[in-house]
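Heads up, the thing below is written out as structure tokens.
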Amino acid sequence: MIGYGAILVALAGLLMTLPHFISEPYRYDNTSPGDISLTIKDPRWVGAWWLGFLIAAGSVALAAIPYFFFPKEMPKEKHELQFRRKVLAVTDSPARKDKDSPSKQSPGESTKKQDGLVQIAPNLTVIQFIKVFPRVLLQTLRHPIFLLVVLSQVCLSSMAAGMATFLPKFLERQFSITASYANLLIGCLSFPSVIVGIVVGGVLVKRLHLGPVGCGALCLLGMLLCLFFSLPLFFIGCPSHQIAGITHQTSAQPGLELFPSCMEVCSCPSDGFNPVCDPSTRVEYITPCHAGCSSQVVQDALDKSQVFYTNCSCVAEGNPVMAGSCDSTCSHLVVPFLLLVSLGSALACLTHTPSFMLILRGVKKEDKTLAVGIQFMFLRILAWMPSPVIHGSAIDTTCVHWALSCGRRAVCRYYNNDLLRNRFIGLQFFFKTGSVICFALVLAILRQQDKEARTKESRSSPAVAQQLLVSGPGKKPEDSRV
């Protein structure tokens, strides 16, 4: 089944590449004279977006081949399954039912029998499992530790889903870097830090021999440190570009204002997008037409050619403008920003192993399989599905210029960088805070349970000692149990 599942995943990856082969070629606007010469820094650059899905689908298909050579059933598991079926047949026999009727059975024995049925039923038929499923489900959902740990993992998964979906775009827009460079930095810094955090969390649990209280304390400490290192991210970023006709500032250069008189002759299309930059004032124009340019000059160099537009009536002092968006003056801040993000990711992933141990130790042995299934169901429904939608909606509210297609909003051309940073990092901070609150409640409940257990043990210890003194030397140890 694992092999067939991997093949289905590979087919899904191939289906995601179909739009590239069946759609029309990408059409650029014709707002600039001459042939369009694009570079990787141009915001209109599309690139081979489909190639990654194609390579990933091929890799998954190759990795699925060894699974088809596995046996259908492992020998040990086959014998265990036969034994459990025999046990269930004995417990369901009429003679056994008469012998173990409620009138002849103590409450403790009845509970043990139900637990045994719960333990062996998941490996049997669906009808037999349905008989015990409602009791196990309610028992699992009523467990406070289980619910709080799962809610904290939902918050962490929501943070991870938003980061994985929109972090490359955020870095590209915030620091004016290329999409390939943003993904390269994420692959070199963020993903290794996640692996390190998970491994370190498992090592700490094993080396320190952490119990439930220790695992809860480790989870809370990791999330508090992650929350602390997230605060500087609100202040690391670049200001918004100065866009003529879009960004308005009262005491700015004339290039930031609309120039209706100089653009009347040009009749510029409203849906065109071919950005040019005035290097002297660092003002960006949507198209050369919006800058009032009438001629084009191409300067050839050794590695690439640079396109300039001259005779621009709307540019201050008539300076020539160059093709492409203006470079940011703070692009170097992307590395410290991503280092802090990677450090926070490592600290958040430190909670992966201890939180999973809390779930396994917090529920009964026969309920662990169902508890893990409910956990991943909640993660998919409450985190991985709505989180990208929430992050995308928050990012769209920071757009200051939309491109129109058939009279409807198609893609955002320019964002307010300050709003973009505050809302994207603010959402991440919100989910981290929710995880901290859940882990704090988990730790408080675990400490209260540990305190009650110690109090009960201290009260029962004198009674046990007194019973041992009263019991004679000839009595067996079983006679002295309380």
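In case you wondered, yes, glycine gets a Cβ from its N, Cα and C as well.
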Using TrEMBL as the reference, determine which range in 285-308, 381-404 is annotated transmembrane segment. 381-404
Taking the domain 'Kazal-like' (256-316) alone, what is its mean pLDDT? 75
Count the CB pairs under 8 A between the transmembrane segment (145-167) and each of 47-70, 333-360, 381-404, 424-446, then give me the winner. 424-446
Take the transmembrane segment (424-446) and find every residue of the same chain, 6 or more past its ends, with a Cβ under 8 Å from one of its Cβ atoms. 144-145, 148-149, 151-153, 155-156, 158-159, 162-163, 166, 170, 212-213, 216-217, 219-220, 223-224, 226-227, 230, 233-234, 344, 348, 351, 355, 358, 390-391, 394-395
Under 8 Å between C-beta atoms and at least six residues away from its ends: which parts of the chain pack against the transmembrane segment (217-237)? 152, 174-175, 201, 204-205, 210, 330, 333, 336-337, 340-341, 343-345, 347-348, 350-351, 354-355, 358, 417-418, 421-422, 425-426, 428-429, 432-433, 435-436, 439-440, 442-443
